[in-house]
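Since the structure comes first, as structure tokens, the remarks are kept for the end.
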Amino acid sequence: MSWETVIGLEVHVQLSTNTKLFSGASTTFGAEPNTNVDLIDLGLPGVLPVANREAFHKAIRFGLATNAEINQVSMFDRKNYFYPDLPKGYQITQMEKPIVGKGSIMINVDGVEKLINITRAHLEEDAGKSIHDLFDGETGVDLNRAGTPLLEIVSEPEIASAKEAVAYFKAIHQLVTFLDICDGNMAQGSMRCDVNVSIKKEADDVLGTRAEIKNINSFKFIERAINFEVTRQIKILEKGKTVVQETRLYDSVNNETRSMRSKEAANDYRYFPEPDLLPVVISDKELEDIRNTLPELPKQKEIRFIAEHKLEESEAKILASSKAMANLFEDATSKTKDSNLIAKWLVGDVSALLNKDNISIEESKLSSDNFATLIERISDKTISGKIAKSVLEDIWDSGKDVDDIIKDKGLVQIQDESILENVAKKIIENNPDQVEAYKGGKEKLFGFFVGQVMKETQGKANPQSVNEILKKLLA
Amino acid sequence: MDKETVATISYLSRLAFDKDNEDKITKDLENIIKFVDQLESIDTSNIDPLTSPLEQTAKTRVDEVTAKNRKEKFLQNAPDANEDYFLVPRVVE
Amino acid sequence: MSIQYKTIKELTLMLKAKEISNKELIQETFDLIESNSHLNAFVTLNKENALNKAKAIDNKASDLSLSGIPIAQKDLFVTKNLRTTCGSNMLSNFIPPYSATVIENLENAGCISVGKTNMDEFAMGSSNETSFYGNVQNPWGENLVPGGSSGGSAAAVAAGIVPAATGTDTGGSIRQPASLCGITGIKPTYGRISRWGMIAFASSLDQAGPMARTAEDCAIMMNEMCSHDLKDTTSLNKEIPDFTKNLNTPIKGLKIGIVKEFDLSTLDNEVVKIFEESKKHYESLGVEFVEVSLPNINLSVPTYYVVAPAECSSNLSRFDGVKFGKRCKNPKDLEDLYIRSRSEGFGEEVKRRILIGSYVLSAGFYDAYYKKAQQVRRLIKNDFDNAFSKVDLIMTPTTRGSAFEAGSMNDPIQMYLEDLFTVPANLAGLPGISIPSGYVDNKPLGVQLIGNSLQESQLLNVAHCFQTSSDWHLRTPSSEIR
């Protein structure tokens, strides 16, 4: 039995506007509960929403970058349901006329490119947060998040595997961060997705019944949740039974999806046009302005890095792939001209540290100023490359200033040739046997002398100078 | 208007009726729907629905923070709250 | 009482001439409220604040247009720190943290809000019999309804307690009580007055408006109530004229339309007589009457009773017992909290309309009901647009009859049909005014004029000319003509 997986993703992207979609409350993350709440967000009797134009602009950037139709006249609708973190008892969303229509995005899975079509992207307000486990027998409601603008991006059901789903989610993540419409911080909930999974027989044209897994916010969990769900559905179908169309949650602790217990499953949202908001019109000029000020996308950046900085394609690709990485590179190259050195360190040591800790640059303690200074200190030979590695690790752990670290640990490279000569002479004096052996032909012992000098100078000797001096003295 | 429909829309509206009122409300709803069914009689094909009597488009806001922190006031007026959160009976998802 | 039945204009002159101090005026107002407590027109009084404000004006005079004038505010407008109930049990303990734009506008013009008036619950009703706080009495007769939903405001003005009050009108809730109480009330063009702070019933139909003894006073109120409010996207950004400027413009040559499709023969003879006599009066002022056809107008009531409940069913979802308002005791879980808080907090009529609203919006019924109704709504609006290419105004009775006895109308649909003449203007977003035009068994009756979009000045002008040549609006329940 040959089964085919059909996946569609609905990605919710929190737009990085200063204020909410319909009120002037701040959207800053991490504020004390219920402090970023305006009268409008609370849904008090008599309040009215007023749309945030910047949210439209950010949505349009997404549309332009995905070659999508932009609906210059778009409208809002109400989606009615009851939940404690939905203050008005309805969510204002866009059903009939979303701001962005059909578009597409390219994904890359193990080197193979595939175009995924996007059905639409629309604006809607986020709900607040319900906190279930803090209080005995009660659920706490924090409305800070209520009203935050979301861009809901709906893909066509063209994703065929968990891997493709992750690649798609990553592609969206990269795009929205590059477009500067979302901060991409998944741990903070800036991006989440609902995954619709269904299984059908390869030969069938009709799609199978789908289950929706809600609110997944990490690349890892998307993959696991889908894999579990596919297995679960196949098992059901193989027994000849039918899959229930329902909403499920992914339990990351037990690595399984479970049916949501709430009766929301039977919900009729009774959508109707929002009478408090009139259609929003984006003028041709506005659209042109947005198009002309679109931030540079990864591919363009890659090409520019190769041209301007003479980087290798592989390096340029890595540097251009993440906005934070690209920013680090550009900040550093504006302070010190050694692009190749910067690229080498970013692609090498910094990437290694990121992978080790499995965090993103925004989450690390490495600032671009500090990194630029580190490169400068290598360039001007204040410290050696080897020492620099340990300094980087120190910055990584502590976030301390490069110069402070160098000073505190006395890591300044010893450049003074007279000092180095004295150390070298001392080593040679103290190791007559090795000198004899070396001069007798054991060339490999050169490394021994180098090592001893390094040890004596706590690694601070300038390696090239040490080499030259020893060669001279041992000749 | 059968009992099941009334039960469904009552639930959607989060309203409940006791036995005595159930029949009355069902009858009332039936009559009202019958009354509005008159609308069927008229041909509206190709007519654009009118959502708002205004022939204008929306004014929008500039993306600047204008709201004040009114946490205390809001929580004070809530039926049940502690110093940080509005409280409801524990919700099980 | 020296101030009873006085108009804004008269009181302003008295205050300026120092015939009465601000404090005395307000004190006497509260005495009137007290002596008329059987009307049950007020839900919450603002006595201390009102007296303080009056004293302040006595200490430092002001020339604001409504300086010192006592105004009653319908309890549908949120008033900061002053309880706002909307006639419902659900909000019996609600103290808003902000005030409606309309309230702020009026208070910035110097008026003194003396209290919040009783109303049909959440503005749903035509007789002020659905309020949690009890029925309102029509000052014209014991056990008579004042009309609704702005029954308290209408009664307060009709009884001469205050010269003017604010009302709101979604399907006739200013005009109908004005008619039944013998006062003047105007619903402006949709969008003229900001809805910020107006507790929403049906968002695309709701409008605030003044209720007063004369068209002139309504114009004075309109000047302050209307504004372009950035907090309300549906607020019009059109020039606001001085509504008092053209009151005396001669109306000779104006064309007024009579709606062919309104079969007045179904009304009581008395009612028809008053209508016909009004017509003659206007003709004597030089007006020409023309028949106009609005073929879809008789579908207004069913259209309204799909659209309004639909919008209200959604607008009232915020009353869930979670963040404000009443919550049931000891909810055992979230569902119980919602269901019991709402079932206990809302009255019968509100529940009925919420259910109808949920029904007409639900999957499977949306196209046949809600969408259909909004399409018919456009047809009705088109009919008006057509008619206004031929006439300047349209005249209809305001109500089918005069005030009826409380408790006598038990059939919801019969009550809905009372709105026949008033809902069309709400559906089309047009301004409408009700003018006292006669009496049936010593009970007042109004006649309605509907204007084209933004033509409130014209409506007030025609009403004023009618009033300066007649005395229907000068009669009072105490059987004197002032």
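Numbering starts at 1 and runs along the chain as displayed.
Heads up, the Cβ atoms here are built off N, Cα and C, so glycines get one too.
What you are looking at is a predicted structure, and each value in this text was computed from that prediction instead of being measured.
Here is what TrEMBL says about this protein:
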ACT_SITE  C:Lys74  active site, charge relay system
ACT_SITE  C:Ser149  active site, charge relay system
ACT_SITE  C:Ser173  active site, acyl-ester intermediate
DOMAIN    C:24-460  domain 'Amidase'
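Here C:Lys74 (active site, charge relay system) comes close to C:Lys116, C:Thr117, C:Met119, C:Ser150, C:Gly152, C:Ser153, C:Ala165, C:Thr166, C:Gly167, C:Thr168: these same-chain residues lie at least six apart in sequence, with C-beta atoms under 8 angstroms from its C-beta. On the backbone, the CA of the residue listed as 'active site, acyl-ester intermediate' and the CA of C:Ser149 (active site, charge relay system) stand 5 Å apart.
A simple way to gauge crowding: the CB of C:Ser173 (active site, acyl-ester intermediate) has 36 other CB atoms within 10 angstroms, across all the protein chains here.
Following the DSSP three-state reduction, the secondary structure of C:Lys74 (active site, charge relay system) is strand. Sequence-distant contacts (6 or more apart, same chain, Cβ under 8 Å) of C:Ser149 (active site, charge relay system) comprise C:Leu76, C:Gly87, C:Met119, C:Asp120, C:Ala123, C:Met124, C:Gly125, C:Ser126, C:Asn128, C:Thr168, C:Thr170, C:Ser173, C:Pro177.
Model confidence over the domain 'Amidase' (C:24-460) is summarised by a mean pLDDT of 96. According to DSSP, the residue listed as 'active site, acyl-ester intermediate' is assigned to coil rather than to any helix or strand.
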